[in-house]
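Asks: Here you go, one structure.
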Amino acid sequence: MFVLVNLKAYPCDPIEIAEAVRDVSDASGVDIAVAPQTAHLSQVAETGVETWGQHVSPVEHGSHTGSTLAEAVADAGATGTMLNHSENRLKLADIDAGLEAAERTGLGTTVCANNPEQVGAVAALGPDAVAVEPPELIGTGTPVSKADPDIVTDAVAAAEEVDEDVSVFCGAGISTGEDLVSARELGAEGVLLASGVAKADDPTAALEDLVSPL
Ligand code: G3P
């Protein structure tokens, strides 16, 4: 299982969480990565944790003020990036160009989608992975695997129909080891989560609980 901890724009300490993720990942053998704010990428990558961007812009070097250049994200030490998170929705053409930018710089790619239909559409663009996240469950603590298991199985089927090689992740409301196991049983190869770790009083304990049944 792959676990991506998205720090969003939460008021957490990205280094404290990065170190916790690194240590729990090393101790458990579970592949866990952190996606901090772009401005924190270098500091987070320096801890040795697997580091991901939350987004890259669909641009190349040039006159693109305010953009998140894929080259800069990779230079900062990131090895992957999300695209089209439901809090940062993109047009299809921009997802496509964002994927091109990420691939140009060697970043792994996970494209988020709201539902299985969108999963099928973005899988056709050839990312490494797609992630289904029903927006109404994000940040609720109610896991998608319990509230709407069909959305995960349908997303897996939709992706497989388009491209057997694309990995399928799920996210929204996931915070416990039990949630992770349910996601895996529904066919997800990884999960995206945020508040369960970024808002935890003790991120290490939250991460240890998460990986304990694996
Ligand atoms: O990117 C993962 C995120 O949207 C899920 O958020 O807080 O429900 O784990 P959360």
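Including glycine, each Cβ sits where the backbone N, Cα and C put it.
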Asks: Considering the substrate binding residues N6, L7, K8, I138, A194, S195 given in TrEMBL, which of G29, G120, G173 is annotated for that site as well?
Replies: G173
Asks: By the DSSP assignment reduced to helix, strand and coil, which category contains I138 (substrate binding site)?
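Replies: In the DSSP reduction, I138 (substrate binding site) maps to coil.
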Asks: According to DSSP, folded down to helix, strand and coil, what is S195 (substrate binding site)?
Replies: helix
Asks: If you measure C-alpha to C-alpha, which of L7, H85, G173, A194, S195 (recorded positions) come within 10 angstroms of E133 (active site, proton acceptor)?
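Replies: Qualifying among L7, H85, G173, A194, S195: H85, G173.
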Asks: Measuring Cα to Cα, how many angstrom lie between S195 (substrate binding site) and H85 (active site, electrophile)?
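Replies: Roughly 15 Å, rounded to the nearest whole number.
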Asks: Of these recorded positions, K8, H85, which scores lowest on Cβ atoms within 10 Å?
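Replies: Minimum Cβ neighbour count within 10 Å, taken over the recorded positions K8, H85, occurs at K8.
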Asks: Take the C-alpha atoms of L7 (substrate binding site) and H85 (active site, electrophile) and report the distance between them in angstrom, rounded.
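Replies: Cα of L7 (substrate binding site) to Cα of H85 (active site, electrophile) measures 12 Å after rounding.
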